[in-house]
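Below is one structure, written out as C-alpha cells, with a few remarks after it.
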Amino acid sequence: MRKHRLAVAGAAFIALSLTATACGTRSDNTNAGTGGATQDKTAKIGVIAPLTGDLAPLGLGIKNSVDLAVKQANQNHTIPGWTLELDAQDDQATPATGQNAATTLAGDDDVIGVVGTLNSSVAQTVQPVLNNAKIVEVSPANTGVALTKGEDAANPKRPYANYFRTCTTDDIQGPFAARYLFQDKGLKQVATINDKKTYGAGLVASFETEFKKLGGKIVSHQTINPDDTNFSPVISKVQGAHPQAIYYGGEYPQAGPLSNQAKSAGLDVPVMGGDGIYDPAYIKQAGSKSDGDLATSVGAPADTLPSAKSFVDAYAKAGYKDPYAAYGAYSYDAANAIINALKTSLASADDAKSARQATIDAVGKVDFDGATGHVSFDQYGDATSRVLTVYAVKGGQWAAVKTGEFK
Amino acid sequence: MSLPGIPVAIRRRYGPVARIVTIACGVIIAASAYLPWAYGSDALDNVTYVGGPSFIQFIALGMGLVLPALVVCSIRWPAGFGRTRVGWIRGARALATGLLIIFVVIAGAISVQLGGTININYGAWVGLAAALIGFVATRFLVQEGAPTVNRLKTPGWLSILAIAVVMLVMLFVAYYALDQSNPGTFVTFIVYTGVGVAVLLRTGALGWLTAATGAHRRVMLLAAFLVAFLFPFTQGGSDANMSIAAQVLVFAATAMGLNIVVGLAGLLDLGYIAFLGSGAFVAAMLSGTAMATFDVHPPFIVTMLLSGCVAATLGLVIGSPTLRVSGDYLAIITLAFGEIFRLSMNNLDGSDGPDLTHGSRGISDTGDLNLFGFDFGATHTIAGIEIGRFANYYFILLIWLAIVILIFSRLNNSRIGRGWVAIREDEKAAEAMGVNVFGLKLLAFASGAFLAGVAGSIKAHVDISVTPDSYVFLQSSFLLAAVVLGGMGTVLGVLIGATLLQLMPEKLRFVNEYRLMFFGLLLVVMMRFRPEGIIASERRQLEFHDEDEELAERLDDNLGPSTGAVAVEGASR
Amino acid sequence: MIVLQAMVDGLSLGALYALIAVGYTVVYGIIQLINFAHGEVFMVGAFGSMTVWLLVPGQQLGLWMLPIMLIGGMVASVAIALLMERVAYRPLRNSPRLAPLITAIGVSVFLQEFVRLFYGRIPGFPDAKANVTFPTIEGVTGTAIKLGGLDIDRPTIFTLAALIVCTVFLYLFVNKSRIGRAMQATSQDPDTARLMGINVDRIIMIAFAVGAVLAAIAGTAQGMMNTNINFKMGFIAGLKAFSAAVLGGIGNIWGALVGGLVIGVLESLATQVMPHGSAWKDVWAFVVLILILVFRPQGLLGARVVDRA
C-alpha cells in the first residue's frame, strides 16, 4: 500500500511540475523579443586568418580591416534590406585548422563570402571546401602562383572558380626583386635561402629564374627548417660562397634572426625578402645592423597612395587595438570587392545561400578604386594591378625605395 | 571511498536528520529550475525566465527529483529486493556530489559568459546552496555494501529493451551535444552526462546494464552500430557537425590501433602518428589527381591495403629495435622515429630529395573517393534527408572503426592477446614460459601500424589535403592521451577518450588559446590521481593500486578461471 | 677550412647540448627517470635571464649585466625544476614506468604553453607567442672575431668558457663535497644510502637543481647565440641533449659532456659535408640517437646502469 502511495505522490509531483512549465512565460517572451517591424535579412562575410600564434599580428590586421569594411557598408546601407555580419575564424596558420574553419563557415547558410587566407598553404585546403559550397573566397595575401593558375605553370588552368585575390603573386614579386638587385643595385652574385614552405620556396624559385635570365649568378642555394632558430651552419655555408646579397624566401620569424646572425658572423651583406618579412617585427628581431635590408611588398605604400588615405584614417578612427599591418589595405579591398558584388547578387535574393553562385560571378566583374589602387580581376582571379614597392630598412624603419609596375 | 573524518557512530546518530535535509535539498534544487539563474540571455541556453525552465534547467530539475527518490527508496527497501542489494545511498552521494559540481560549473559558465559573478541570478544561488547542503548531508548517510544488482537474472526481452533505451539515449546525447554552439551549454551538458553515468554506476544500475547487455553482446554491438549509422540523419543535411564527427572517427580508429601497442603489449609509442601519416601520404600519392606524385591510380581498395602495408613495414622497422631495447629507451626511439618521419616528409620536395610529397606544401588535392559508383564528394538524398560529403565519409569511417574494434577484441581474447599481456606484465617471466616475446612485439607494432595506415588512407580523402604539419609529435601525444585517459586496453574507454579529446577543442572555441595548456595539465593530474584512465580494465587498476586488497580479491574471483584456462590450453598444446 | 669552421660552430652547439645533457644524466643516475621536461627547464632559464634584463631599468647592455642575468635564469629554472619534482614526479616514484614519462610529456606541454600565453601578459614584457629578441650584451655578442681565416662568434667563446668553468665546478662538487659524495652513494644504492643517514629526497632535489643551473646557463647562451628565444626552443634542444646524454652513457656526467660536444660537431659537419645537409641534419641526429640506443645503450664512456627493462 505504502508503495502505491509513494508512486502516486511522485506521479503527481511530476505532473505538477510539467504543468507549471507549460504555463511558463518562455514562449511568450521569445516572440516579444524578435518582434520588429521590418527586419533586415542577414548575410555574413567570413574571415579565415591566423588570429593566434606567430603570425597573429598579420591575421588580426586582416580581420579588423574586413570588420571596418563591413561596418561602413552597414552604416551607408550599401545593400538595402540586408545587414552584413563578420564571422572571423582562426586558422592558426595551419592547413588542417584552416580546413575546419572553412567547413564551419560553409555549414552556415548565412555566409556569402570569405576573406582569407593569409598563408598560401592554408589556402590550398580552404579552396576546395569553399568551392564545394559555392562561396566566393577573396584572399588579401596569398601569393602562391598555383592557387589561381594550377600546378602546371606552362599550361595555366584555373583550379577553383570561386577564388580571387587582391594581391600580386610570387611570379611577379620574385622577378621584381631580382631586377631591383641586378639592375638598380648592380649585384651579380646572390645566395638564396628558403624555408621550404609554399610561399618561401615559390618566391625563391621565381627569383632565381629571373636573376639567372638577367645574367646574374646564384652562388649558393640553401634551405632551413621553419622551426630552426640557429642558422650558423647555413650561414657558414653561404659565407663560403661570398655572395653580394642574400635573398630569403619565408617570413619574418625566421628572417629576422637569420639576418641578425649573418651579420654577427661577419657576413655583412643586405638580406632581401618578400612581403613576408615586410613587418616592423622583422627589424626588431634583425637588430641594429639590419639597416640596408630590403623587402618587396605588393602595391604602392598604403600611407602614400591618395586612395589609401581614407582607409588609413578610418582605421585609425575606428580605434582597433592592433595595427592594420601588411595586408590591411588588401583585406579592406577584398571585403569591398565582395560587398560591391553583393550589391547586384543580393538585390533580388531571398536568402544568402541562394545568392552564392551569383556572388561568385559578380566578384569576377567588380571594378572600383580601392585602398591599394584599382581593383579588378583577370580570367584566373588574379588582381589586374601589378604594382610593387621595394622597401629598405633605414634607421629602424621600413622606408619605400622604389615603386613600379611590373610588366 | 568513504570520506574520512565522519565516524560511523556519528553518521548513525545524525542519519535520520541528514535524510530529511537531503530530501529537502533535492526538492529545492528541482524548484530552483523554475527560478531565473542569470541576468543575461547569452549565458547557457537562456536561463533568465521565471517558471519556464530551459533544457539545461530541466535536467537539473530531473536530477533534483532523483535525489529524494533515492533516499526514499533507501528507507523503503533498505536491503534491496530479496537478495539483490541496490546502492541507493551510494547513488545519492554520487548524485549530491555531481549536483554540486554541476552548479559550480553553471555558476562558472554564467560568470564567464556574462562577465563576472554579478550576473548570477538568485535561482542559481539557491540551487548552489542547496547542492552544497545536500552534499554535506549525504556524507552523514550510512552507505550500504557494494550493490549486487548485476547478479539479477534478467529476461531476454528486458535486456533488449534496455539496450534500445540506452542506444536512443546515446543518440540523443550525441545529437544534442554536437548541436550546441554555446560552449557553456556544451560543458554543462557533458558534466550532466558524466554525473548521470556516475549515479548509474554507484547505484549498481550500470552493473546490471553491463550484465544484461553482456548476455546479448551481438545485439548490443549491432544496436550501437545502428545508432552511430543513424546519426547523420539527425543532422538535417548540415555538414558542419559531420566534419567534426568524421575527424572523431579517424582519431578513434587510430587510437584503437595504438591501443594494441600501448594498451595490450605495453610498448610506449610516441611516434605513432607517423603510421597514420604514411598511410595518408601513400593514398595521396596514388590518388591520381594533378598533385599526386605517382602516375598510378589503383582502385581505392588496393590503395587502402597498400597504405596499410607500407605503414606495417614501417612498424616492423621501428619495432625491430625491441629485440634489444625496451622501456623508456624504446619510447625515445619511437619519438625519434616520429620526428624523422615528419622531417623526411618535409624534405622529399624535389629540392632536397626526390619529389614525393611536395615538401611542406603537401599534396593539397586528393580528390574524392568513388566506390562502386558512389561519389563521396557529392550530396546524396536518402529518405528525404540530405547526406553531405562528410557524412559519406563518416559512413565508410564507421565501417572501418567497426572492423578495427572487431580485430582488436579478437586479438585481445586470443592467445596472441594473452601473450601481449604476459609481456606487458613481466617480459622475462613470459619468455621463460615459452612466449615468443620478440615475435609478438613485432606483431603488435605491425598490426597497430597497419590499422593506422588504413585509417590514414581514408583520412587523406576526408581532409582533401595531406601536409606534414598534420603529423607532428603533438598529435602523437594526443593519441597517446586518448588511450591513457580513456583506459589502456579497453575498447569503450579509448572510444570515450578519443571522442572527448577531439570534440572538446571543436566545441570549446573560447578556450582554444588555453587548450594545450589544459591538455598538459590534464595529463599530469590524470597520472597522479587516476593513472588507469576513465574506464579502467580491472587488471590495470590493480597495477596502479596494488595496496587495494578488496579489488585484488574481486579480480582474483573474476580472472581466476580464465587464467586457469590459459594454463590448461598451454598444457594441452 | 670549411671543415674547421664547421668544427668551431659545432663546438659551440655541442657545448650547449653538453650543459643541458648534464641535467638528464644526473637525474637519471639517481632515480632512473628520463626527465623529458628538462628541455623546458632550459627554456625557462632563458626566459628567466630575459626577465631580469627587462626588470633592470634602462635596457643595460654592459657586460656586468651578464652575471645578473645568469643568476636570474638559474633562480627561475631551479624553481621550476624543484616544483616539477615535488608536484609531478615525487608522487609517482613507485608507479609503473609509463606514468612518469606521460607526466613528463604533460609537464612539458604545460610549461611551453604557460610561457607562451602568460609571459607577454606581464606589463612591459614582450609577447612570447613569437620569437623574443634577446638583449645583445656587449663583449659576448657582436661581430665575430677573425682568427686566421676562422670566424669565431663571441657567444661561442662565452659558451665554451661557461662549459669549462662548469666542468671544473661539477668535478669539485661531485668528488670533493659531502653532498656530491652523498649523491654518488645514492646513485649506487639508494636503499643503503638511506640507511647510512642520507636524506634521499634531498639528494634527488639537489640533482634536479644542479641540472637546472646548467640548463639556465645554456638557455642564456643560446639566447645570445641565436639572438632570440621562444617558448618551443626546449623541445628539439632537449631531444638532442638527451641523445648526447645517451651517447656519453646516461648516468655518467663526464659522458654527457663528451656526448654533447660530439653530437654538436657531428651535426655541424653533417650540415657542411653531407649533400642537402641543412635540410637533413636533424634526421641524422635522430638516426644517430636510434643507432646508439639500439647498439650501444651504455654509451661511449659506459653507463653504470645498462639494464633498461
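The chain as shown is numbered from 1 upward.
Using N, Cα and C of the backbone, Cβ positions are placed for all residues, glycine too.
These numbers come from a predicted model, not from an experiment.
Panel annotation: around the transmembrane segment (B:55-73), residues 19, 22-23, 25-34, 37, 44-45, 47, 86, 88-89, 91-92, 95-96, 98-99, 102, 106, 127, 134, 141, 185, 188-189, 192, 195-196, 199, 203 of the same chain, lying at least six beyond its termini, place a Cβ under 8 Å from a Cβ of the stretch. Positions annotated as transmembrane segment by TrEMBL: B:55-73 (among others).
As annotated by TrEMBL, transmembrane segment applies to B:94-116 (among others).
Summarising the annotation, TrEMBL assigns transmembrane segment to B:122-142 (among others).
Among the features that TrEMBL reports, transmembrane segment is placed at B:154-177 (among others). Long-range contacts of the transmembrane segment (B:154-177) within the same chain, counting only residues at least 6 positions beyond its ends with a Cβ under 8 Å from a Cβ of the stretch, are 186, 189-190, 193, 208-209, 211-213, 215-216, 219-220, 223-224, 226-227, 230-231, 234, 503, 507.
Taken from TrEMBL, the feature transmembrane segment applies to B:189-212 (among others). Within the chain, the transmembrane segment (B:189-212) has long-range Cβ neighbours (under 8 A, six or more residues past its boundaries) at 56, 59, 63, 66, 70, 85-88, 90-91, 93-95, 97-99, 101-102, 105, 146-152, 154, 158-159, 162-163, 166, 173, 176-177, 180.
Using a Cβ-Cβ cut-off under 8 Å and counting only residues 6 or more beyond its ends in the same chain, the transmembrane segment (B:219-238) has close neighbours at 159-160, 163-164, 167-168, 170-171, 174-175, 213, 245, 379, 382-383, 385-388, 391, 394-395, 398, 402. The transmembrane segment annotation in TrEMBL covers B:219-238 (among others).
Positions annotated as transmembrane segment by TrEMBL: B:272-294 (among others).
The transmembrane segment annotation in TrEMBL covers B:300-317 (among others). For the transmembrane segment (B:300-317), the residues of the chain that approach it from at least six positions outside its boundaries are 274-276, 278-280, 282-283, 286-287, 341, 369-371, 442, 445-454, 456-458, judged by C-beta separation under 8 angstroms.
According to TrEMBL, the transmembrane segment annotation covers B:329-345 (among others). For the transmembrane segment (B:329-345), same-chain residues at least 6 beyond its ends with a Cβ under 8 Å from one of its own Cβ atoms are 267-274, 277-278, 281, 314, 318, 321-322, 353, 357, 359, 362, 468, 471-473, 476.
Residues annotated as transmembrane segment in TrEMBL: B:393-411 (among others).
For B:432-458 (among others), the entry in TrEMBL reads transmembrane segment.
Below 8 angstroms of C-beta separation, residues 248, 251-252, 254-256, 258-259, 262-264, 268-270, 272-273, 405, 408-409, 412, 519, 522-523, 526-527, 531-537, 539-540 of the same chain, each at least six residues beyond the ends of the transmembrane segment (B:478-501), sit close to that stretch. Residues or ranges marked as transmembrane segment by TrEMBL: B:478-501 (among others).
Sequence-distant contacts of the transmembrane segment (B:94-116) (same chain, six or more residues past either end, CB-CB distance under 8 Å): 22, 25, 29, 37-40, 42-44, 47, 56, 60, 63-64, 66-67, 70, 124, 127-128, 131-132, 134-135, 137-138, 182-184, 187-188, 191-192, 194-195, 198-199, 201-203, 510.
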